[in-house]
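Q: Can you read through this structure? Questions will come right after.
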């Protein structure tokens with residue numbers, strides 16, 4: 001197996017059952033990726049260009065959308081090119097890079113949702129201290145924390161994986177994930193650092209969820225006492241809570257299937273389960289926040305009505321000229 005361990009590329013076996021419907025799958029995937037780009041870029045531009053949205057909650061939301069662009073760009077372009085290629089290979093370095101992007105994207109998503117929960121806690125439960133605490137400097141620190149912590153954690157995790165001697169080149173999915181590379185390690189490989197790193201990351205992720213649950217316990221207790229707080233909770237927290245629930249369900253299903261899932265399922269279904277975190281949250285997050293947050297919804301409606309008014313005015317001028 002030494003000759004296999006020296007291979008500098010992997011074969012993505014998850015494409016084996018896609019050869020019969022490559023063109024329809026390519027078309028649907030490209031359209032879906034364009035939808036992801038449109039929704040997330042539009043929301044980021046809306047927040048950046050509208051000064052009334054330069055508040056911590058919306059800054060965190062734009063960070064969430066940028067993270068969605070980061071994660072999906074690490075997968076969809078490569079996936080689309082593989083659909084049109086007869087050779088579904090990825091270089092060793094490219095595989096490690098994609099694994100790093102996928103895991104850091106997921107963990108960044110969770111970290112951003114965590115700091116958003118903290119922001120809502122301070123705004124509703126500690127309103128008198130909110131503006132003095134949530135300064136521009138503190139906001140920058142929270143944004144940096146939500147990005148740098150996952151990047152540091154998974155840099156170490158991927159470095160541990162890179163040192164493993166591998167005895168296989170077939171990855172049974174359509175993308176590279178750290179766990180899938182880890183399973184190719186030779187029996188004699190020292191996997192102890194990888195196991196410790198994995199347990200530390202799992203513990204940190206659970207801490208994030210525990211913190212979110214803790215903040216919502218206090219949020220609900222506070223909102224029960226005041227009608228004004230209940231209105232604020234419904235306007236700003238429901239969208240966030242929906243995103244947290246979607247993220248938790250998707251990641252739990254994905255993690256459980258990667259470790260304990262059956263290989264007897266059709267390959268297409270296996271790929272869908274594995275790719276859920278790249279399919280559902282990147283579209284659902286901007287949709288949920290766009291419809292639920294009053295300021296963003298009103299701003300979108302204002303833009304649509306303005307464009308509609310300009311279109312009607314232009315049509316009337318054309319008709320008058322004719």
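Even glycines carry a Cβ here, placed using N, Cα and C.
Here TrEMBL flags 39-289 as domain 'G-protein coupled receptors family 1 profile'. As annotated by TrEMBL, transmembrane segment applies to 30-49, 56-76, 96-118, 139-160, 196-219, 231-252, 272-291.
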Q: Any residues 6+ beyond the ends of the transmembrane segment (139-160) with a Cβ under 8 Å from its own?
A: 56, 59-60, 63, 67, 96, 99-100, 103-104, 107-108, 111-112, 114-115, 118-119, 178, 193-194, 197-198, 200-201, 204
Q: Relative to the transmembrane segment (56-76), which of 30-49, 96-118, 196-219, 231-252, 272-291 accounts for the most Cβ pairs at distances under 8 Å?
A: 96-118
Q: Short question: which residues 6 or more past the ends of the transmembrane segment (96-118) have a Cβ under 8 Å from it?
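A: Residues 57, 60-61, 63-64, 67-68, 70-71, 74-75, 78, 90, 142-143, 145-147, 149-151, 153-155, 157-158, 161-162, 175-178, 180-181, 201, 205, 208-209, 211-212, 215-216, 240, 243-244, 247, 251, 277-278, 281 contact the transmembrane segment (96-118) from elsewhere in the chain.
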Q: By Cβ distance under 8 Å, which residues at least 6 away from the ends of the transmembrane segment (196-219) in the same chain are close to it?
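A: Cβ under 8 Å, 6 or more out: 107, 110-111, 113-114, 117-118, 120-121, 124-125, 149, 153-154, 156-157, 160, 233, 237, 241, 244, 248.
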Q: What same-chain residues lie close to the transmembrane segment (272-291): Cβ under 8 Å, and 6 or more beyond its ends?
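A: Contacts of the transmembrane segment (272-291) (Cβ under 8 Å, skipping residues fewer than 6 from its ends): 14, 32, 35-36, 39-40, 42-43, 61, 64-65, 68, 71-72, 75-76, 102, 106, 109, 173-175, 177, 239, 242-243, 246-247, 250-251, 253-254, 257-258, 261, 265, 297, 300.
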Q: Averaged over the whole of the domain 'G-protein coupled receptors family 1 profile' (39-289), what is the pLDDT?
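A: So the average pLDDT across the domain 'G-protein coupled receptors family 1 profile' (39-289) works out to 89.
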